[in-house]
Amino acid sequence: MTTDEGAKNNGESPTATVAEQGEDITSKKDRGVLKIVKRVGNGEETPMIGDKVYVHYKGKLSNGKKFDSSHDRNEPFVFSLGKGQVIKAWDIGVATMKKGEICHLLCKPEYAYGSAGSLPKIPSNATLFFEIELLDFKGEDLFEDGGIIRRTKRKGEGYSNPNEGATVEIHLEGRCGGRMFDCRDVAFTVGEGEDHVIPIGIDKALEKMQREEQCILYLGPRYGFGEAGKPKFGIEPNAELIYEVTLKSFEKAKESWEMDTKEKLEQAAIVKEKGTVYFKGGKYMQAVIQYGKIVSWLEMEYGLSEKESKASESFLLAAFLNLAMCYSKLREYTKAVECCDKALGLDSANGKGLYRRGEAQLLMNEFESAKGDFEKVLEVNPQNKAARLQISMCQKKAKEHNERDRRIYANMFKKFAEQDAKEEANKAMGKKTSEGVTNEKGTDSQAMEEEKPEGHV
C-alpha cells in the first residue's frame, strides 16, 4: 500500500491502518516494524550504513498523543544511519526509504525504547507511531575534507581495523566516468598501495574498515591518481574515481608498544628509504605515511643507550625535515612549519630546517618571519646563495603586498569619500526642496488671503 487514503476515507487512525496493512520490514519478520509509504520518493537509491540522513518527523504514542516533532523546531533531524544513534526501528525503516519519500512506521517497544521508555514523554513498553520524510542523504565524509566519501553496502565484522603497515587482502573494482578500469583481488601493505597501482585513498579508507566490510568509495583527485592521472588505466589528470572495495582479511602490523628499541631503529631505516622512493616519485602522501612511522615509533622513546639515542635523534631529525618538505609540496604549510619547529628543537642551527621553515612561511605570506629564518641560514652558512635570493624575494614580496594593501585601502577610502559626498549632496538637495515647498505654500496662502474679500457677499 502506498498511501493512507483508505484510512482517511473510513475514519481509521493512521496507527490502526499501519497495524493492519503495514509491511513488515524487519529481518526476523516479527512485525516489530511495520511500514506504509504515504508519498513515493524519487529514483531507486536508498541510504546506506554510515550515510548522513536528513529527515523531518512526527512521533506519536499509540493513543495518538504527540510526543515529538522536528517541525516544531523548524529544522531537520540529522543522524548517521546504522550507527546506533537512533532507535532500531529508525535504522531499519529509514534504510528502506528513497529521497522525498514520506512513510508511516509503527514500532514495537523492542525496536523503540523498550521497557525503560524515555520518560517523561514515552512510557515503558510503548508502541510508537512515526511519520518520517526523508529530505536527503549523503555518504560519510571520512576525513571531513570532501576527498573520500564512503557508502557502506555491507557492515563488517567486529570492531578491529587495519593499521598502517597491516597486511590486507581486498577485492576492488575501480570506475571512472562510468567505465570500469580495474577489477581484481590483491594483497598488499596498508600505506604502500601505490606499489600495486592502488590510490592513496584506498589505503586511508582501509584504516576505517572492518573485516568483510563492503563499501563504495568516492575519491577526489587528491586521494586518487592526482595531477598525473594513470595512463595505464586510461585515467586523465585530476579525475574523480569510484571504487567498490571488500576487505576480505587483514593482519595488523605491530604497534609501537609491541616493538623494542632495536626493532624500531631497524624499521626506521627501512621506512626512511621507502619514504624517499615515494618522495622522488612525487607520491608525497605516501611518503608522509612512511616518515610518520619513524615519528610514531621514536618520538616518545625513553631510556635509550647513548648509541641508540644518537641513532634515534638522527632518524627523527631526518623524518621531521622530510615531512616538512612533503607538506610543503602538498601545500599544507602550517604542518610544514610545525615539522621544522620539531626538527629545530633537535638541532637549533640546522640549515635545512631553517630554510624549509622560511620557504613555508614565505608561501604563507609571513614575510618577516621567513626573512628572519633565511638570515639565520646565512649565520650558519654565509655562502648559502639560495638563502640570499630568498631574502631578496621576501623583501620584494613584502613591498608588493604593502603596495597592494595601500591601493586597496586607497580605493576603499575613495569609495567612502564619494559615498559621504553623495549623502551630503542628497541632504542639501532635500533641504533646498523643502525650502522651495515652504515658499510655494507661503505664496499660495498669500494669494488666497488677497482673493478672500472678493468672495464675500
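Note that Cβ sites are derived from N, Cα and C of the backbone, with glycine treated the same way.
The domain 'PPIase FKBP-type 1' annotation in Swiss-Prot covers 50-138. The DSSP breakdown of the domain 'PPIase FKBP-type 1' (50-138), given as helix, strand and coil counts, is 13 helix, 37 strand, 39 coil.
Here Swiss-Prot flags 165-251 as domain 'PPIase FKBP-type 2'.
The N-acetylmethionine annotation in Swiss-Prot covers Met1.
As annotated by Swiss-Prot, phosphoserine applies to Ser13 (among others). Its Cβ placed at the centre, Ser13 (phosphoserine) has 15 other Cβ atoms within 10 Å. In three-state terms derived from DSSP, Ser13 (phosphoserine) belongs to neither a helical nor a strand segment and is classed as coil.
What Swiss-Prot records for Ser445 (among others) is phosphoserine, and it gives similarity to another entry as the kind of evidence.
The region 'Disordered' annotation in Swiss-Prot covers 1-26 (among others).
Feature annotation from Swiss-Prot assigns region 'Disordered' to 420-457 (among others).
The feature repeat 'TPR 1' is assigned by Swiss-Prot to 268-301. Tertiary neighbourhood of the repeat 'TPR 1' (268-301): same-chain residues 164-165, 191-192, 194, 200, 203, 222-223, 228, 256, 259, 261, 312, 315-316, 318-320, 322-323, 325-327, 329-330, selected by CB-CB distance under 8 Å and a gap of 6+ residues from either end.
Away from its own ends, the repeat 'TPR 2' (317-350) comes close to residues 268, 272, 275-276, 279, 284-285, 287-288, 291-292, 294-295, 356-357, 359-361, 363-364, 380 of its chain (Cβ-Cβ under 8 Å, at least six residues beyond either end). Per Swiss-Prot, repeat 'TPR 2' is recorded for 317-350.
Taken from Swiss-Prot, the feature repeat 'TPR 3' covers 351-384. Mean pLDDT for the repeat 'TPR 3' (351-384) in the predicted structure: 97.
When the repeat 'TPR 1' (268-301) is classified with DSSP, helix, strand and coil residues number 28 helix, 0 strand, 6 coil. Each residue in the domain 'PPIase FKBP-type 2' (165-251) gets a DSSP state, and the totals come to 20 helix, 41 strand, 26 coil. Residues of the repeat 'TPR 3' (351-384) grouped by DSSP class, helix first, strand second and coil last, total 27 helix, 0 strand, 7 coil.
According to DSSP, the repeat 'TPR 2' (317-350) comprises 27 helix, 0 strand, 7 coil.
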